[in-house]
Amino acid sequence: MQKKTLSDISLQGKRVLMRVDFNVPLDQDRNITDDKRIVGALPSIRKVIEEGGRLILMSHLGRPKGKVNPAFSLAPAAKRLSELLGMPVTMANDCIGTEVMQEVLALQDGEVMMLENLRFHPEEEANDPDFARELASMGEIYVNDAFGTAHRAHASTEGITHYVPTAVAGYLIEKELRYLGTALNDAKRPFVAILGGAKISGKIDVLEHLFDKVDTVLVGGAMVFTFFKAQGLPVGNSLVEDNKIELAISLLEKAKEKGVRLILPEDVVVAAEISADAASRVEPVTTISDGMSGLDIGPATIETYAKEILGAKTVLWNGPMGVFEIDQFAKGTFAVAQALADATDAGAITIIGGGDSAAAIAKAGLSDKVTHVSTGGGASLEFLEGKELPGIAALND
């Protein structure tokens, strides 16, 4: 998917309207608890400033449901950006309207302003053409650098592109397309995918799409128990999607047909309840006790999975191996994270597909030891399912 990027156009003296993803977590005093999304947008932002463009940033934050709500103001993000850049960032009091337009027109080369939360207007998520046109009127160039919302056809990601002559990808989106695209279309082999998470239903399309691409799939997380039940194994009290058992059987058959090795755990860590002080033990998957729930992959599985990962040239990871939020059920997830870091050291391309896996690798302190951590949860998932992302499809080729 070749899209024009910031590097392909001249920015000097131009009003550049950039969609970023500043949907950052805030504490009750409205302090930002994690600024990685703002930091991630810095290369694109700096490029516009250095080239003398006039930068207008827009984003959403949280779910204000189409109403103005000061708790969801982007002011803390503008303040943090100003600190990171070491220069002022003007904060607008809305994202459309005459007053905002006057501020936009007053911008000088190399200056930056931040529009207020797009989702204070219901028209944003409705992809309303008039709202999109009004946003577009503020800029001469549109840049989308918000991969996290690229799977949504909203006014600021899709609608706006109909009303600007130039619509290009920012560096963050370019990097996402490069790594996720390479993984899907041009991977060095062996190519191993690790899929975790609670439910098969959330990962069916990814599994089916990856069967045409990968050599091996390692499965973890609670979704393994639906596979085990499909194979007639005891699952105790583990989470099972009973309405997906037929599907699990067909996925196992499909993997066989396509010559993909679908590897399931051989042992699991079980406990009677999901709590930090529950007594846990390791059991083979052939004899999971009644009343016990599987909450992580066991040591023998960790060893097998680590070996598979270390033998790979390309690794894609999406979804944790267990309830990693609780330390005693986090060993499997952290061991996979460590194996990915070791594989990267050995020259493999390692890609973390956003969402919980990104949180897990950050918790393990290994985010900078892998090739690429995707910034989009739902967007990475849809990309890995082979779906077209409207926010990217709409950009200039």
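Yeah, the Cβs are placed from backbone N, Cα and C, and that goes for glycine too.
For the substrate site, Swiss-Prot records Asp21, Phe22, Asn23, His60, Leu61, Gly62, Arg63, Arg119, Arg152, and the single candidate of Arg15, Arg30, Arg37, Arg54 listed with them is Arg37.
Around Gly355 (ATP binding site), taking its Cβ as the centre, 20 other Cβ atoms fall within 10 Å, counting all chains. Separating the Cα atoms of Lys203 (ATP binding site) and Arg119 (substrate binding site) is a whole-number distance of 29 Å. Cα distances from Ser357 (ATP binding site) to the binding-site residues Asp21, Gly62, Arg119 are smallest for Asp21. Around Gly294 (ATP binding site), a 10 Å sphere centred on its CB holds 28 further CB atoms from the protein chains shown.
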